[in-house]
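J.: So Swiss-Prot has the following annotated:
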- D129: active site, proton acceptor (ACT_SITE)
- G12, R73, F74, G103, D104, G105, S106: ATP binding site (BINDING)
- 22-26, 55-60, R156, 187-189, K213, 215-217: ADP binding site (BINDING)
- D104: Mg(2+) binding site (BINDING)
- T127, I128, D129, R164, M171, G172, R173, E224, R245, H251, I252, Q253, R254: substrate binding site (BINDING)
Amino acid sequence: MVKKIGVLTSGGDAPGMNAAIRGVVRAALSEGLEVYGIEDGYLGLYHNRMKQLDRYSVSDMINRGGTFLGSARFPEFRDPEIRKIALQNMKERGIDGLVVIGGDGSYAGADLLTKEGGIHCVGLPGTIDNDVAGTDYTIGFFTALETVVEAIDRLRDTSSSHQRISIVEVMGRFCGDLTLAAAIAGGCEFIAIPEVEFKREDLVKEIKAGIAKGKKHAIVAITEKLDNIDELAKYIEKETDRETRGTVLGHIQRGGAPVAYDRILASRMGAYAVDLLVNKISPPLNFSSGGFCVGIQNEKMVHELISVCIAPENKKSKFKEDWYDTAKKLF
């Protein structure tokens, strides 16, 4: 069983990361473990920026957005020599367990630390994109969803006033979950996501059909990277003769106090990660095959090998086809 653990946040920040850190710290302390917070993700691990945490270090953190430990992208961590230094920094402090909060790239780093250095690593899915395999939802997804829906509601007010078509670009990388959920909750008329082939002409055809039925304004929700929003807006305006404007929500989607569900999810996952590290889950985990990651499926905490969850065939979360069918029926 581990005696000292580290916790870090890596990659893009997500609301609820602080709640997850809090869950890890307080659960670990209740098991008699020492906990070290690692600043700025793997970058801080490499530069040996660590500090011991107690229960008061995470007081008043459950409601705070962002991550008080800081986060950074550190592609140099792919270099084995860089990882050797990071491992040595942990071993000098006696750290034998590590909780990594982030996306699949962060998971990959954790898995390497386990395989190369014997550190017992557990990953928690922290990303607004909801694109991590092995879990129904990721920490931060529902808070980002509230942010996007609020923006859609505001855009609908002005779009209806001016009989305008509004395009909303939503984060998600190669996963359309956030766009899809926001489109349903925001009552969007049209949607474009990576999981379904997107063609401008098909979208315009749908918009024209809506106009023919008497539709005077519309909201189009589209996942980032599918198209250039400004160019798409000009194309739609030219083809439909309706004023069209694009709005890129950007990094505002990552900020804000986490909603209640994200706080609960993060707390449960943090505590479950500690349970895995202290062998409270039966049967005890065998870290000789690599690190593990935590997920929630049907509202129950689950775990799986990181290598399974980041495998190409499992890398993306399962497309919510039933959600998409519902959205199409309601357009």
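From the backbone N, Cα and C atoms, a Cβ is placed for every residue, glycine too.
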J.: Please list residues from the chain of Y56 (ADP binding site) whose Cβ is under 8 angstroms from its Cβ, counting only those at least six apart in sequence.
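T.: Long-range Cβ contacts: none.
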J.: Select the most exposed residue of V25, M171, I252, where exposure means the fewest other Cβ atoms within 10 Å, treating these as the binding-site residues.
T.: I252
J.: At the Cα level, what's the spacing in Å between G187 (ADP binding site) and F74 (ATP binding site), rounded?
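T.: If we compare the Cα positions of G187 (ADP binding site) and F74 (ATP binding site), the gap is 39 Å.
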J.: What kind of secondary structure is I252 (substrate binding site) part of, going by DSSP in three states?
T.: helix
J.: Using DSSP, would you call R22 (ADP binding site) helix, strand or coil?
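T.: The three-state answer is helix.
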J.: Nearest to R173 (substrate binding site) in three-dimensional space, by Cα, is which of the recorded positions S59, D129, K213, H217?
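T.: It is D129, whose Cα lies nearest.
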J.: Of these binding-site residues, G103, G105, G187, which scores lowest on Cβ atoms within 10 Å?
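T.: Candidates: the binding-site residues G103, G105, G187. Fewest Cβ atoms within 10 Å: G187.
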J.: Where does R245 (substrate binding site) sit in the DSSP three-state scheme?
T.: strand
J.: Using a Cβ cut-off under 8 Å and a sequence separation of 6 or more, which residues in the same chain sit near the residue listed as 'active site, proton acceptor'?
T.: G103, T138, F141, M171, G172, R173, C175, D177, L178
J.: Take the C-alpha atoms of S59 (ADP binding site) and T127 (substrate binding site) and report the distance between them in angstrom, rounded.
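T.: Here the two Cα atoms lie 23 Å apart.
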J.: Report the nearest neighbour of G105 (ATP binding site) in space among the binding-site residues R22, T127, K213, I252, R254, comparing Cα positions.
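T.: In terms of Cα distance, G105 (ATP binding site) lies closest to T127.
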J.: Of the binding-site residues R22, R245, I252, R254, which one has its Cα closest to the Cα of R73 (ATP binding site)?
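T.: Comparing Cα positions, the closest of these binding-site residues turns out to be R254.
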J.: Using DSSP and collapsing to three states, where does Y56 (ADP binding site) fall: helix, strand or coil?
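T.: Assignment for Y56 (ADP binding site) reads helix.
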J.: Measuring Cα to Cα, how many Å separate R245 (substrate binding site) from F74 (ATP binding site)?
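T.: Here the two Cα atoms are 36 Å apart.
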J.: Check the binding-site residues R22, R73, K213, H217 for other C-beta atoms within 10 angstroms of each C-beta and report the one with the most.
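T.: Selected residue: R22.
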